[in-house]
Amino acid sequence: MSTESMIQDVELAEEAFSKTQGPQGSRRRWFLSLFSFLLVAGATALFCLLHFGVIGPQREEQSSRDFSPINSLALAVRSSSRIPSDKPVAHVVANPQAEGQLQWLNRRANALLANGVELRDNQLVVPSDGLYLVYSQVLFKGQGCPSTFTLLTHSISRIAVSYQAKVNLLSAIKSPCQRETPRGAKTHPWYEPIYLGGVFQLEKGDRLSAEISPPDSLDLAESGQVYFGIIAL
C-alpha cells in the first residue's frame, strides 16, 4: 500500500466520522488535530535542540562545575611537577673498588648532591636547618658460619655544630647465623641486608656519617646495594 493511498484512506475515514458525529464530532476532530500538531511541534523542537548542541554544552558545563575541585587538584599536581625543587637532597653510593672499607661517592650513576649538600671527609654536610629524611642501606655477605658468634652492625651518626659530639641517630645489629649452627651450615653462603631510615631535625653544618662492622663482609659486587642519603622535607 502506497503513502498516497494511506492518506486518502485517512481522509475518507475522517470525512465519514465527521458525517456520523455531526458538529460535535467536528469539534472533537479539531481538538485532536490541534493536539497532534502541538505534539509533533514539541518533538521537532526537542530534536533540533539536541541536534544543534543547545542542550549538550550546558550539561557538560554543569558537569565541569560539579567536578571543579577534582580538576583543580589535578591541575595543581601537574603544575607542581613542572616546578624544580630547591630542597637539599643527597644520594651517594659505595665505591666498589674500596675493598674492606665504606667509601662514599657522588660522581656515579644514580648518585647526586643538590642544593647545597656537600660530601666532605666521607660525611654528608647539612646545608640548612630543617626536617630531613636520613636513610642508608648496606649488604653483607659471607661463607658459612664460624664457631664464634658473628654480629653485623650498621649505624648512622650525627656530629652537631651545637655540641660537637658524635651521636648515633640510627643503628641495627644482625647475625647471619643461629646460635645453634645446623649441620652443613659452615659451607653455605649467606647474605644479610640492613636498612636504616628516619626523620630528624638537623641544623646547618651538621655532619652525618654511616659506619659498618665488619667492613670485610661488605658486598660491593652490584651497584644499588649500598647507599646513603638525606632528603629535606
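Placed from the backbone N, Cα and C atoms, the Cβ positions cover glycine too.
Per Swiss-Prot, the features are as follows:
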type	residues	note
TOPO_DOM	1-32	topological domain 'Cytoplasmic'
MOD_RES	SER2	phosphoserine
LIPID	LYS19	N6-myristoyl lysine
TRANSMEM	33-55	transmembrane segment
TOPO_DOM	56-233	topological domain 'Extracellular'
CARBOHYD	SER80	O-linked glycosylation site
DOMAIN	88-233	domain 'THD'
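In the predicted model, the domain 'THD' (88-233) shows an average pLDDT of 90. Here the domain 'THD' (88-233) has, by DSSP, the following mix of helix, strand and coil residues: 6 helix, 76 strand, 64 coil.
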